[in-house]
Amino acid sequence: MLLKVLELVGVVAFAASGALVGVSKRLDIFGVCLLGVFTAIGGGVIRDVLLGIHPPTALNTWPTFTTALVTSVIVFFLHPAVSKLRREILVLDAIGMGLFASSGAVIALAAGASNQAACLIGATTAIGGGVLRDMLVNEMPLLLHRDLYAVPALIGSTVTVACLEFGLTPNLGLVVGTVSASTVRLLALWRHWNLPGPRVSES
Amino acid sequence: MLLKVLELVGVVAFAASGALVGVSKRLDIFGVCLLGVFTAIGGGVIRDVLLGIHPPTALNTWPTFTTALVTSVIVFFLHPAVSKLRREILVLDAIGMGLFASSGAVIALAAGASNQAACLIGATTAIGGGVLRDMLVNEMPLLLHRDLYAVPALIGSTVTVACLEFGLTPNLGLVVGTVSASTVRLLALWRHWNLPGPRVSES
Amino acid sequence: MLLKVLELVGVVAFAASGALVGVSKRLDIFGVCLLGVFTAIGGGVIRDVLLGIHPPTALNTWPTFTTALVTSVIVFFLHPAVSKLRREILVLDAIGMGLFASSGAVIALAAGASNQAACLIGATTAIGGGVLRDMLVNEMPLLLHRDLYAVPALIGSTVTVACLEFGLTPNLGLVVGTVSASTVRLLALWRHWNLPGPRVSES
């Protein structure tokens, strides 16, 4: 139950981030909603397509989709107020990201994926929506060049898989994985961690 | 039978729109064909991937693929003439869009999708090719910021699902859904309907 | 066994091409690895999604993924030296492309695809990674406008399907298909073959 609530918190944060990008690109209400919904459900849809869960849960049941749509509409009408919540949205986004990475890994294992596949598909669940959002508005995905986002996601899914491998229950693994991923992400944001760039070519 | 013909009409219109974009980007013949074929079959392939229909029908059978390829080749060689048919292509495209939205919804329901999933997957079938086309040539998808395209597609799939829910036969639902979607789309083109953009930020 | 080795050769070449693009975009180490891995496994993942092989082999088993990751890390640290191997990488890439096109076609047939679908899915396996790479860094896919790449891939998959249709064993078909595709690709590179562009509009 708490997990369900937390997952919708993540959906709200993801949809808000997508819708805000849409507003900043001056899209109309439908473009904003489309971008918000794609960002919120994209990762889960990619996960289900990779695992052969048809049709994808986020399309087939109403809570995720409805939450994403309502959030996008609210952002469209109240975006000046929402923009001021950038900090809060980043925190919610970090929690959602952690939860998606962990739950993606658990769902992948339950669908018969190998440990490696569960780590990779969990991380993909967490980063898929953001990558889709950036590709749709024709920008290079943030996580490729600026954001330490994929590393925390991979840590979250890997910790979850390790917990289950060591005999913890899925629920406990989910909590430990989510906390790991979200903590690393928030630390990275707070301390402005960046990974090293390539050395400048000697030529 | 009529439906089969209408579907190929839609494929022709979609392939022509993709191939014309390719010509305007000065691609070679293979780039033009690739873009035309992707635009024409993209929506159906995404639909089948979401529903678990393997391999996707548009790849596995010949009529759609062949029609898309031949159309693209014709556009490549006769594009000055085809460009003058912009109006007619838009009308055919509206019919194809409506049919793809409705038939996508019917196919989704037949594959066991929920009503909500059928509405969303039907609309995705109709808009998928165009989104793919715009992403491939590195432009923001038209429907995000200029075209009233996704709304008519969603109306078409929703009307179709409602018709079947009320006991109509799939064929009848298909006709009503297609006519609804195509009519809204043509009205939007004719009247230059647009959805409201975001209010300018007060700051 | 030789095929396994050749396939990893292809993975190395694909990962190197993706990682080099990442370095040229000045991505950090994680961006470079992400781009290298996506380029190397993208085509195979798309193939498995189209065929309903869940989870995709490249995610579920370790050799491909590990090879791609190690290659990307090496490119990140040694990119000035690797850049000088551009010629060698193009040759390896041509071999990998041919092998992916042929093995993609064989795997598609084994999964019950039609001959046409096997040709198309084989070619998609070979070109998918490169298209994904270019789309992620926000550039129009090279093969759409400059590179004769999709044609050799399609030749490779089609020759393979034809060989199997004429009763050759899959292994033999694989060899003939790979050699055909790689030869055409290398000839195209060597002779600077290009397909004709669209005639300039008369207007």
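Each residue, glycine too, has its Cβ placed from N, Cα and C.
Here TrEMBL flags C:5-79, C:91-163 as domain 'Glycine transporter'. Positions annotated as transmembrane segment by TrEMBL: C:6-23, C:30-50, C:62-82, C:89-111.
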Handout entry: Non-local residues, at least 6 beyond the ends, that sit with Cβ under 8 Å of the transmembrane segment (C:6-23)
Key = 31-41, 43, 63-64, 67-69, 71-72, 75-76, 79, 82-83, 89, 92-93, 95-97, 99-100, 103, 129-130, 133-134, 137, 178
Exercise for the section: Sort out the residues at least 6 away from either end of the transmembrane segment (C:89-111), same chain, that have Cβ-Cβ distances under 8 Å to it, and list them. Expected result: 3, 6-7, 9-14, 16-17, 20, 43-44, 47, 50-53, 82, 117-119, 121-127, 149, 152-154, 156-161, 164, 170, 173-174, 177-182, 185-186, 189
Practice task
Over the domain 'Glycine transporter' (C:5-79), work out the mean pLDDT and round it to an integer.
Solution key: 92
